[in-house]
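Undergrad: Provided herewith is a single structure, encoded as structure tokens, for subsequent inquiry.
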Amino acid sequence: MTGGTASPTLSPVQRSESFIVSLAARQTIAEASATSFGGVAAAAAATASGAVITQNFSASFNGFVVSSLSAEGLLALAQNPEVISVEPDRTLITSQIETRNSRGRWKAAGRKLHWHKRRSVLQHQDILSAPIQSTPTGVARVGGPVSGKMTAAIAVLDTGVGPHPDLNIQPGYSCLRDGEGTDDDSSEGHGTHIAGSAAAMDNDYGVIGVSPGAPIIPVKVADSDGAASMSSVLCGIEWVLQNRAAAVINLSLDGAATAADLMECNGAEPTSVLHQAICNANSQGVVVTSSAGNDANLTSLHIPSTYPEVISAGSLTDYDGQPGGIAPATGCGNIHGGPDDSYSPFSNYGNGTSLLAPGVCINSTVPASVDSSGYAVLSGTSMAAGHLAGAVAALKSLSPDMEPADIKSFVISGPPSADECSSQALEQPSKPHDGPSYTVLDTSCIH
């Protein structure tokens, strides 16, 4: 963690033994300790279960994480009038699918490759062997890169980011205790890849992102296998909000929705803690983008994409960086991509999906431990979300006073006078499922 910034109190947490407790509005941990709730917590901690508060939260939501809680202690918490909800510390996973990297090696997403444990840092001199800068097809397909000074920071809550000289990586925070800091030690370089699609720099080598050179804030919430506990994700949101670290939070993560997830924020029935945290981020002007998920089913079954306050990206299959549907499938597209300019077969669909962005055979940045060139090809709605996060960051850079709801409307429908923009924004790609049609992300209106 960098000097001068605040952080939630962290201790190692066993996911299967942890619960997230949401307190009533304006009920802080300090206030709770002076009320009957403090007695309940102390009594629970004194039991044989040895319950202990491991994380405190105030910016994202009012509450804490408790571990090693006995059944009796859990019941006491749930019945306490100061407690809104108690929910298990669920697990989310990164949203990518089996793919291959730029050297043609096939790998399974989420599989830990042991040789990656050896650290390898890509230095600037290594870029001499990297390709001269090109605009990836995904960035071109959405009308990027956007011109202008990109100042809006993107917090990538993921497996970490970098190190990589093609990214403007700023100090971040790790919610894990893996000894890797904010570096990306995943076998696919998931977080680093997303950061490149969003904001790889315009520097004459490698690739360029949608919002070139936008500050990337690495917030490590997922382990090297792409698994993230709910408490780690909340820790990441908490850190971003406490430190006003970013204008955009990207969550290329996917978890199963519960009944509580479908409740409105501040409604009669309590919603999930993650949903409330995202609503609170919106209220502080922070836009949250996410992947729709890769299960080819309803987005309403998945979090965080189902939340109305999130802008979620489904995957568009595109092979040539332009509309028309005439490019043949090659490489990884032959396996899972489907026809050019179509709704990717693996992508989730339904009302929770906001729009489409390229998510098949996407070339972007990765750590040298993944590929010595520093670049590789991945597929999934995670990659679509990277393009979306870059577009939102560009919009926030050039129109910093826009509110999250207005930004969501803009990227889905364009500005009121959309005739000034390309026709790409109005395109309705084919899709294999019944349900709504989607526009394709288009940055030509962002200036």
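Here the Cβ of each residue, glycine as well, is placed from N, Cα and C on the backbone.
Annotations in TrEMBL come from automatic prediction, not curation.
Take a look at what TrEMBL says about it:
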type     : residues : note
DOMAIN   : 47-92    : domain 'Inhibitor I9'
DOMAIN   : 153-412  : domain 'Peptidase S8/S53'
ACT_SITE : ASP158   : active site, charge relay system
ACT_SITE : HIS190   : active site, charge relay system
ACT_SITE : SER382   : active site, charge relay system
REGION   : 416-447  : region 'Disordered'
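Where in this structure would I find these features, and how exposed are they?
TA: According to its DSSP assignment, ASP158 (active site, charge relay system) is in a strand.
Under the three-state DSSP scheme, HIS190 (active site, charge relay system) falls in the helix class. Around HIS190 (active site, charge relay system), taking its Cβ as the centre, 32 other Cβ atoms fall within 10 Å, counting all chains.
Contacts of SER382 (active site, charge relay system) defined by a Cβ separation under 8 A and a same-chain sequence distance of 6+ are given as THR94, SER95, GLN96, HIS190, HIS193, ILE194, SER252, SER291, GLY359, in order along the sequence.
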